[in-house]
Amino acid sequence: MEPQIVKFVFKEEMTCQCPKMSDSACDVDTDQNYFEEEVRLASFANFSSSYPVSAPALARAGFYYTGDGDRVKCFSCMAMVEDWQHGDTAIGKHRKISPNCKFINGFNNFRSDCIQTQAPVMQNSHANGFPNSAEDPGEKSSSEIMADYMLRTGRVVDMSKPKYPRHMAMCSEEARLQTFQNWPGYSPLMPKELANAGLFYTGINDQVKCFCCGGKLMNWEPSDRAWTEHKKHFPECYFVLGRDVGNVTRDASVQGSTYMNSYNARLETFSSWPFPIDKETLAKAGFYRIGDEDATKCFSCGGMLNCWAANDDPWEEHAKAYPGCQFLIEEKGQQFINNAQLQRPILHKANSGEASPALPKDTSFLKNPLVIYAQQMGFPLEEIKKVMGQKLKTTGNNYTCVEEFVSDLLCAQSETIADKPMKREISIEEKLRQLEEEKVCKVCMDRRITIVFIPCGHLVACAVCADVLDKCPICCTIIERRQKIFMS
């Protein structure tokens, strides 16, 4: 799946070391053509992915592409930077080379205010929460960053006239479905699934576009799921996040199979169900069986799921794959769906021919304080057992130190992810850039991540930013403790 131009605010911020900039670092002039971030991002259409910096990170930091090598230019202070190196951050480098830039100063001033006040409140009489005048781009950027920061840290932002959805005419799922009249027959995905995921057809090849964030997706593959790809490529889309953006779902009688809206009718389809997952739970979650294998389909949204495992929760899997299902929303509520979307992904179990040393019986094992602590952080029980087993095998002793245990769990998790086959080949430079971006604080986008939040277990912040947060910016869970970690 390859996303097209992303018309949204991006969070990653990685970039440069040997800058070459213009003579003046002062805001003597601005380039109004690149005032909007999405316009700056569009300028990177021919920006090579081999450079050790991502186009979204540069656009977020106020830069647009000049078309010459890796040279970029700030729309506000007009400073130019090129010869990017691994390990740089776009915002950090921008601050260094152009300390008087209004765009960057707006970001700095806002962060200082947040740290001092702990709970900043936006007070702005202008529509959209942004200045009406376009004469001061630095000020507007500051407001935009303020709103973005407050959203990421779980604070409430009151915008009387939000910028979303991008395409008001496509708020109705029925209207989106009508755009697929000429949908190419070679595409493996059905229009109904795409429309339910907030996407409408652009008329170009198999390209679709989100009515809310404006993000584009194309080159669909048989294994793709519309909601999954939408969430993966545009995780900040308000529609994906479950916010009320005016989406109008189709009536259940049109959307799915009305003759399956009865629990008993769905349950009857599982009469000869040989698979390990409970059929009653599947039927309660809205699913009925189709075919001879374990393929199931929701009577309401029409979403299909298969390859069920014994420990799967049908409600959670339903919420992960098809969060827009009206039946799901009515039965479980939006909060349940949001939690499922933010839930830590289950890692594949590693197959090994070697037997691990026997661990204590589950009853005593589960009472181990280290096991309880790791589970509170979100590590899967199978992963915990595997790491403890390896420790016993290599040393003959179990863990006594929390820091060592968590460090080994993180390493094992990284190795498991690294062992997964890649969907597409990417360059060494791209891999290095992605690894660097994963380690950057998702709040300041500058310093390294060094804190894990307890009990949710999310790794998102540096020590400075973690101190001013009361809730996890990913799942909004109240932070009870902050555990310092060391990432290699």
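Keep in mind that glycine also has a Cβ here, set from the backbone N, Cα and C atoms.
Long-range Cβ proximity for C325 (Zn(2+) binding site), meaning a same-chain Cβ under 8 A and a gap of 6 or more residues, is found for N196, G286, C298, S300, C301, G303, H318. The Zn(2+) binding site annotation in Swiss-Prot covers C298, C301, H318, C325.
Swiss-Prot lists 176-241 with the feature repeat 'BIR 2'.
Per Swiss-Prot, repeat 'BIR 3' is recorded for 266-329, and the stated evidence type is sequence analysis. Confidence annotation: the repeat 'BIR 3' (266-329) carries a mean pLDDT of 85 in the model.
Helix first, then strand, then coil: DSSP counts for the zinc finger (441-476) stand at 5 helix, 9 strand, 22 coil. Look at Swiss-Prot and you will find 441-476 tagged as zinc finger.
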C298 (Zn(2+) binding site), number of other Cβ atoms within 10 Å: 25
Non-site residues, in chain order, whose CB comes within 8 A of the mean position of the CB atoms of C298, C301, H318, C325 at Zn(2+): G286, S300, G302, G303, A321, Y322, F327, L328
Around the Cβ of C301 (Zn(2+) binding site), the count of other Cβ atoms that are within 10 Å: 29
